[in-house]
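Per Swiss-Prot, the feature active site, proton acceptor maps to D7. Annotation source Swiss-Prot lists active site, proton donor at D129, citing sequence analysis.
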Amino acid sequence: MMIPAIDLIGGEVVRLYQGDYAQKTNYQYTVQDRQQAYAESGATVMHFVDLDGAKDSTKRQLKTLKTVVNHPSMIIQVGGGVRCEDDVKQLLALGADRVVIGSLAIKQPELVTQWVKTYGCEKIVLALDIKIDAQGNKTLPTHGWIEDSGVNLEDLLAQYQDAGIKHVLCTDISKDGTLTGTNVDLYSEVCAKYPDIDWQASGGIGSLADIKALIPTGVSGVILGRSLLEGKFTLEEAIACWPKTSANNAESNTSSNTGDK
């Protein structure tokens, strides 16, 4: 399934290069127009990142998010600076279907695993940004990739599997925002090792060939941000090159999960 992604600063559509606020690109679209275009092109899930909220949770873009989270035909996942349970409650109450949790999921896994149990595995998405060293070790930097958490991927997932985690958005940070191709080996490895998790691949998608390369890995979703905003291909083209069985399953899950919107 293709998952269009939109990053927001001050209510405007932007992209950061490898998470760097100093390397920001603004796009001349409104978030509402982009969402509607993606819906008309066949998107059933969308991913929004509140970059203001990521910097300061008191500056969350609630007015803007309110206009997009209640879309009748889409599952909406929202992330950016979730630091406490009140943030989770706030986003779910706003209408988000899933809350995406990054740094806190790494720093305080006991707390976040409790949220998985409290709100259900369909409501929480772990956002794990992975740094791979020369020896192949997978560590998890936090707070905009500035801090080394000292935590590796396998140890962290062992804790979350016990809680029944279902959705993990996984980014190889060396690929993010580059359009230079994705880390196929990484996704093949994690999908084989953790088959009960629905993996969302993120970072580096710059062509339809990059999407097709992910098909054998077993990922359930592909995050598309800059590539769609800059017209590298259309969403219709991306959806068309993904296996029909996966698309049908996604549509089935979407219709069952959005019935109360």
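Quick reminder: no glycine exception, Cβ is built from N, Cα and C everywhere.
Of all the Cβ atoms in the protein chains shown, 25 others lie within 10 Å of the Cβ of the residue listed as 'active site, proton acceptor'. Cα-Cα distance from D129 (active site, proton donor) to D7 (active site, proton acceptor): 16 Å (rounded to the nearest whole number). Using a 10 Å radius centred on the Cβ of D129 (active site, proton donor) and all shown protein chains, the other Cβ atoms total 24.
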